[in-house]
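Chemist: Quick one: the structure is below, questions incoming.
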């Protein structure tokens, strides 16, 4: 969006920025102060704020180790610039991963407009057009410092984005002070904390400070030209622009004068000596304004000497431009001498230049020491490498000269040992014989041990074979006995043999004793059938009982479900009726309130200007500084000690 607007600025010029030309620097600062207050209030509630086309204020959580495997969890505020702006201008910022449970709310222009005497369109236009100026300044590779009142300073230097928070703001966020201390002691966040002394410092001329925007270029220059930081002619154009804006204030469209009057009553103007002097000089010189900002540059010394105020000996009018000052305060304001900081600023610029030169010399010296150290290390490494190569070459040559090396020798004819070594030889021979005896004994013991182990293994194997043989015989005998018992049972239960054959017999041969067997068989079958019938009846009875129990359970479940459904329907109907009744009551209450408000608005519109207390107070003018009447010429509210009361002889 910003690049599209930046291109459109070249074609449309002043038409793209309709709001900023009608606002002064103080009004822009007031609007951005309200924006900063809204952001600070949301951050206090642990909510993030998203500024459209600029960035997001939110929190990140980090674990800081404190030793002994202990850590503390801190939640520190961060500013994340929008990715579109970063990509367009090629900026660099630290990658920050924010937790998803922190809510992010957009910038509410309505709430900001309610905090000041500006409507929503003016606030939104001021914010957006200020961000356009910021984008243009970044595109021209200028150093920018964007101040958020009560929060911190956003610094953009050398295409690097850094948000530095005030120490008081961090203490407000944390409460215990551990957050500011932890950020100041960590290497990555040591430059994220801005002390109160650094916050009151003056910006160098190469840094463009926001949100105090110089609108001097919009009248006579193209919108995309560079911002000139010198004072000179640009200061005069700024004065002309302020005069034009003062003239346009009379023709500005105001939707609700009484609402604006109420807002002004809620936010009274803070009048200082400098602002009073500016308005007095405006009425005297016909529109030329003197501000302390125009006196803060070294190149403005000549203009400062020419533009010093001329004080008048007496008071001409007490109500110039709505000042409402008494004679004493007006004379004091006219005799105030402005402070000129040109020499101090020139000294500060010179100190900064010397500090930069000293820092550059230190950096060059450190770089030279590093280079010398690297060169010495390189030379030492070269010497070590050459020495190692020489040693390796010498070892290789030595090996090539003596390729074979014998460690033992064979003598054909060994000379006899001298007589002095005879005792040693005997001792050696005795020790050798002893060693041989010990070795033979060990061999004999080992052989005997092996023979013993072999015999034990043979005995164990013989016992195992005997046990297996006994078990086999036992199993065989048991199997034989089993077969024998089976044959005996078969012989015992063997059916009767066929009757002997008798030729030409008149009596029946088969079926003589079958009647008893048939009767017994029938009885047995009857008993079987009776038992089966009883079992079937019992099974059928159990099935019927289970079915009845299931039906009863289902019926109870259906009844309970029906009762619950009816209860839910009743509760839902009651809730709907209650909601409808509440909505109806709210509607009636809202209608009554709207009717009452309309009546009050109509009565307010019909009322005259002299009916209200604040309007009546306008008849009694008071000095804005000492709160005395405007006709005051030096009287005191204190009762004098030597006051003589008329009609009394007492001297108080």
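Here the Cβ of each residue, glycine as well, is placed from N, Cα and C on the backbone.
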Chemist: With the ranges 378-435, 436-493, 494-551 to choose from, which does Swiss-Prot describe as coiled coil?
Modeler: 436-493
Chemist: Looking at the ranges 175-195, 196-216, 217-237, 238-258, which is given as region 'Disordered' in Swiss-Prot?
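Modeler: Result: 238-258 is the stretch Swiss-Prot calls region 'Disordered'.
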Chemist: Take the coiled coil (436-493) and average the pLDDT across it for me.
Modeler: 93
